[in-house]
Amino acid sequence: MSCGGVYFSTDCVCVFVCKENMELWGSKKDDAEPLLRSLPTHRTFDYVLVADKVDNEQKTLRQEAFIAQLKKKNIHITRITHDNKDFFGIRAPSEMFEVYQYLLKVSDSCNCCGDEKGAVTQATRIRIVHFILHHTYINTGENLEELLMKDVFETMFCLHERKQQKELRKKWARWTALFSRQPVNDIKSYFGEKVALYYLWLAWYTKLLVPAAILGVIVFLYGLAFFNTNPLIKEVCESNITMCPRCEKRCGTWQLSDSCTYAKVTHLFDNEGTVAFAMFMAIWATLFLELWKRHRAKHVSKWKVYDWCEEEEELIMELVNDPNCKAKQFRHSYLRSTLVLILVTLMLMLIIGLAHALVVFRVVAAPLMSESKWEFLKDNANLVSVFLGAVLHYITIQIMTRKLNSLAATERSFTVKMFTFQFFTLFSSLFYVAFFLGRINGHPGNYVRLAGHRLEECHPSGCLTDLFIQMAVIMLLKQTLNNIVEFTVPWCKRLVNEKAAKKLERKCGHCYRKACREENGCIEPCDICKHREWLRNYHLASSDAFSLFNEFLEMVIQFSFTTIFVAAFPLAPLLALVNNIFEIRLDAIKMVRLEQRLVPKKTNDIGVWTKLLEAIGVLAVIANGLVIGITSDFIPRLVYRYHYGPCAKGKLDYTDCMEGYINDTLSTAYMNSSNFDAFINPWESYRDYRNENDYSLKSQFWMVLAVRFAFIILFEHVLVMCKFIAAWFVPDNPTQVKNERLQDKLTRLKHELR
């Protein structure tokens, strides 16, 4: 035992402080026994409660009652008053953790986690004390959560450890470590397994985005290579076809060649490479999840939490808190489930209604902007309305996200509900653009109207560009602005509140035995230094159980964007990759330097997020099959090449088999002057497969439709089969992990026999 510190000499007794166990011992000759055990055995406080000093007697009585209940459990309380606030430092006794370790050792699933022996880490202390605080009740039956809601206490937080915090800042939480490997073991020791698994998953996801991003760029460059030489683009740009007005009364006819730029942009994302890329991403999503399960298994096995059971640890902490506790009873209420189902349905209807409102906005905005005095707005009314619709959609997403957060926070298990709300908010408008835009608008003489205006039509080059614009705007705005707000808000709060903490700053060299500046010491610091440390943590941005949930939700939503409509936006994986490289460091800096310490949680998986990612992978197969089969022009081009084009008719002297394709997809209509104010030629063109006389659908329409459905069925069945084969081929648990776990169990059993 290495002891030192203060040494007092008397006639026959020497008194000294042991730095290992912080007990005061007396020694006479060779005998030693503890003289004073009241000194704290742990320097760092486990938790801090903060309350405003108020004249309200009821609140004061509740505060005192809660503190009294904690003292009954032998929890040490240190009270310091500053600036009309009471700070209560909470430190649990060592006996409490000895009981916890013993119960871990005799438990069924938690007996090999490594916490059942050796010193109790600060992360474990915080987790246990957090549980005890939330399961301590006063005589009125109120717990800490209810007292916080009633402003009896202002807030609660656990303290950062200065030494470990500095090490994490040096290794991880800094912008210069942007491309450095993450110290997941140090993160696990400081923030717990739950946070460590989040960063482990995020790093794995970012790593596997690299091949997806590279292939997406190749597909984009493939379209760019034929930007000026593609015959379909030439046909649009050199056309003299007059098109039907886009709206009634306000709009006039327009030339197909006016949309040359639009046709070029469409070809960048609607080409043969897109189909192969969509198939790759569907298989990529499956391989990513299966390889992640293996990656997770290696680390949770190394951390000794492979067989960890959260319910069993909760029972252990219940016993630590109250030896006479009773096991909680699981209950199910059909009435409650029915009410939740009704409320969720109503919320989804509201979200779908907002998507309809965005459609109305686009329908109304385009003709109004076509009357604008600004030449740019007048010439690009449709394109501007698409961009404005996307921006308005993003604003709607932000508003709904904040409202849904406040609603969902009342539920303990709300992950699936919250993800469902977010998903519908984000993708309802995208599904309209992908699968309904230009397909339910009718035809000349029988247009479908909404709010007195005709529904939007697809461009002659297809609707995929509208979907690309919508996705690009939302993804760029969401990632960029969210990251800016996510970082600047806690950073600004720290700058503003730092002044309050600096009022108590002083040099620790004048403190008792210089203990205040010894990060490895175990002597109790003075009240000023304790309070300064509490204030430093108090003025950081608050964090709670939803902080990590919000990070996971943000990344899973991004995963949805990266996979579901990737056929319309091959650059989505590249944007996600760039964002995630910065996201990892941004979250690290925020958690280590700008926010109060998260309560360390023990777990061995990312939970329900795995199931949601698997569901997204299946949905990605369906959505991309529908995008290629319905939204893009891949199938109509294929049918034209092999059934209606010049090569299909035996005219082999044609240099390109797609010549005349654009004209083939257009139908003509007689424009009556009583219906339209401005026209040059009474015969105008519009995009559809219809006869000139009665506007009935041509046989070519049914041919294309049949091939579309056949492709979708074939595409989805092939990819689903590939997903199952990939999932079977890559086992969840590596053989090495299985062997190591068996060897570890054998070693522990042999140890018990000794």
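Just so you know, glycine gets a Cβ as well, placed from its N, Cα and C.
What TrEMBL records for 115-184 is domain 'Anoctamin dimerisation'. Feature annotation from TrEMBL assigns domain 'Anoctamin transmembrane' to 187-742. Summarising the annotation, TrEMBL assigns transmembrane segment to 198-222, 274-292, 338-361, 381-400, 421-440, 556-582, 705-730.
If you count C-beta pairs under 8 angstroms between the transmembrane segment (381-400) and each of 198-222, 338-361, 421-440, 705-730, the highest count goes to 338-361. Counting C-beta pairs under 8 angstroms (sequence separation of 6 or more), the transmembrane segment (705-730) fails to reach the transmembrane segment (338-361), with fewer than 3 such pairs. Ranked by number of Cβ pairs under 8 Å to the transmembrane segment (556-582), the listed stretches 198-222, 274-292, 338-361, 421-440 are led by 198-222. Applying DSSP to the domain 'Anoctamin dimerisation' (115-184) sorts its residues as follows: 33 helix, 4 strand, 33 coil.
Contact between the transmembrane segment (274-292) and the transmembrane segment (338-361) is not supported: fewer than 3 Cβ pairs lie under 8 Å, counting only residues 6 or more apart in sequence. For the domain 'Anoctamin dimerisation' (115-184), the model gives a mean pLDDT of 89.
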